[in-house]
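Colleague: Mind looking over this structure? Questions follow.
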Amino acid sequence: MNPNQKIICISATGMTLSVVSLLVGIANLGLNIGLHYKVGDTPNVNIPNVNGTNSTTTIINNNTQNNFTNITNIIQSKGGERTFLNLTKPLCEVNSWHILSKDNAIRIGEDAHILVTREPYLSCDPQGCRMFALSQGTTLRGRHANGTIHDRSPFRALISWEMGQAPSPYNTRVECIGWSSTSCHDGMSRMSICMSGPNNNASAVVWYGGRPITEIPSWAGNILRTQESECVCHKGVCPVVMTDGPANNRAATKIIYFKEGKIQKIEELAGNAQHIEECSCYGAGGVIKCICRDNWKGANRPVITIDPEMMTHTSKYLCSKVLTDTSRPNDPTNGNCDAPITGGSPDPGVKGFAFLDGENSWLGRTISKDSRSGYEMLKVPNAETDIQSGPISNQVIVNNQNWSGYSGAFIDYWANKECFNPCFYVELIRGRPKESSVLWTSNSIVALCGSKKRLGSWSWHDGAEIIYFE
């Protein structure tokens, strides 16, 4: 090849490479423009909710493989804003209960860093449901687990974690510090309340939106305490039941109405209920009902009915002859709507719940009438109003060969249904005092929700072998 031919060949090659480079550049530019303007075709992105007027959220996606940065501006309109929860829907019809979640915390804790907890519950928000409990500030295998049978210490805190997981130092967040708690979401943000301090001068701190808003001092100097399960909000108003005073005599109970963590109204307990502790509350049809524990006298549970719009309440006892506290006597021939039914030993009571909805009413109780073992759900039509109402069906949740504990109500109020589906949890206590070969007291959780279908029973017990911890 002569010199001229070489020059022509090199020039042609150079021109070809230039054209190819130009085409690649044009394609790259087109790709960038296409990705920029086709926001509607991108995958769903979790965009923070903004409670103000229209705002701009900027998302920067770095794609190192293609060596470009794509900056996308997404305009959020008022249509995407949150609103306060409205409790106008009725309860769903329930014919049985389906499993929702079981964390197996004790079983997993035999070989993992699982926190010692008690007084657990579940609570939902617009994004989903989380598990809550009062941590003891130590793990099952930690040396500080010795002595965690005690309810009140400076080391306890209300923690929450993703539903279905076991609580560990790595997946939990602290909601507030204390040894008694309640928490609920009003549709805009979460309110959490924790009690802490010495028995004779405890106080409550009310958190809203992740910040402390209100403090409440003790009013009777005897273990200021609250629900140990979720509160419920309606149009921004969140009533909470608190008690201060003796556990075995008349105490001072108040219903405190909060909005955005600030007190709107305080009511002294009114009605026939003589002692109130550890209420399990739910809302439907614009009304909030709290089924509580009479630790002084009653084996029948007190019921507080709250009108959150008027900020008023009444109280009475569950009328049914089916007694649901533990310990309790045998079910009598007739119930009592206006006074406690006494009897039962040795335990004065346990936290429990019910869903009271006419023919669609369900009561939960331990299978044993003397100890916190086993758990069953009983369908008892008109249990709230009929002194002769009895069960027409039942479902075993935990068999009587296994320990249960506290139980309580919750509802996913943001589920896409035409009614509010009742749900409940059962605390599965392990360790002391019943199993004294270990130094700790802790629990796992099982949660179930209502089904219109008629499903079978099974025992959802804790399942940990205590011998593995010895």
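Even glycines carry a Cβ here, placed using N, Cα and C.
Annotation source Swiss-Prot lists active site, nucleophile at Tyr406. Taken from Swiss-Prot, the feature substrate binding site covers Arg118, Arg152, Glu277, Glu278, Arg293, Arg372. The disulfide bond annotation in Swiss-Prot covers Cys92-Cys419, Cys124-Cys129, Cys176-Cys194, Cys184-Cys231, Cys233-Cys238, Cys279-Cys292, Cys281-Cys290, Cys319-Cys337, Cys423-Cys449. The feature region 'Head of neuraminidase' is assigned by Swiss-Prot to 91-470. As annotated by Swiss-Prot, topological domain 'Intravirion' applies to 1-6.
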Colleague: Counting only other Cβ atoms and using a 10 Å cut-off, which of the disulfide-bonded residues Cys129, Cys279 scores lowest?
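Modeller: So among Cys129, Cys279, the disulfide-bonded residues given, the one with the fewest Cβ atoms within 10 Å is Cys129.
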Colleague: For the binding-site residues listed here (Arg293, Arg372), which one has the lowest count of neighbouring CB atoms within 10 Å of its own CB?
Modeller: Arg372
Colleague: What mean pLDDT score does the region 'Head of neuraminidase' (91-470) have in the model?
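Modeller: Mean per-residue confidence for the region 'Head of neuraminidase' (91-470): 98 out of 100.
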Colleague: What is the Cβ neighbour count of Cys184 (disulfide bond) at a 10 Å cut-off, with all protein chains included?
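Modeller: The Cβ of Cys184 (disulfide bond) has 26 Cβ neighbours within 10 Å.
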Colleague: Using a Cβ cut-off under 8 Å and a sequence separation of 6 or more, which residues in the same chain sit near Arg118 (substrate binding site)?
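Modeller: Expected: Ala133, Leu134, Gln136, Thr148, Asp151, Gly405, Glu427, Ile429, Thr441, Ser442, Asn443.
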Colleague: Please tell me which one of the recorded positions listed here (Arg152, Cys233, Cys290) sits closest to Cys124 (disulfide bond), measuring Cα to Cα?
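Modeller: Closest by Cα: Cys233.
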Colleague: Calculate the distance in Å between the alpha carbons (Cα) of Cys279 (disulfide bond) and Cys290 (disulfide bond), and round it to a whole number.
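Modeller: One finds 6 Å between the Cα atoms of these residues.
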Colleague: When DSSP is mapped onto helix/strand/coil, what comes out for Arg118 (substrate binding site)?
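Modeller: Going by the DSSP assignment, Arg118 (substrate binding site) falls within a strand, counted as strand.
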Colleague: Let me make sure I understand the span of the substrate site: among Arg118, Arg152, Glu277, Glu278, Arg293, Arg372, what is the greatest distance between any two Cα atoms, in Å?
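Modeller: Spelled out: the longest distance between any two Cα atoms in Arg118, Arg152, Glu277, Glu278, Arg293, Arg372 is 21 Å.
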Colleague: Just the number: how many Å between the Cα atoms of Cys231 (disulfide bond) and Cys281 (disulfide bond)?
Modeller: 6
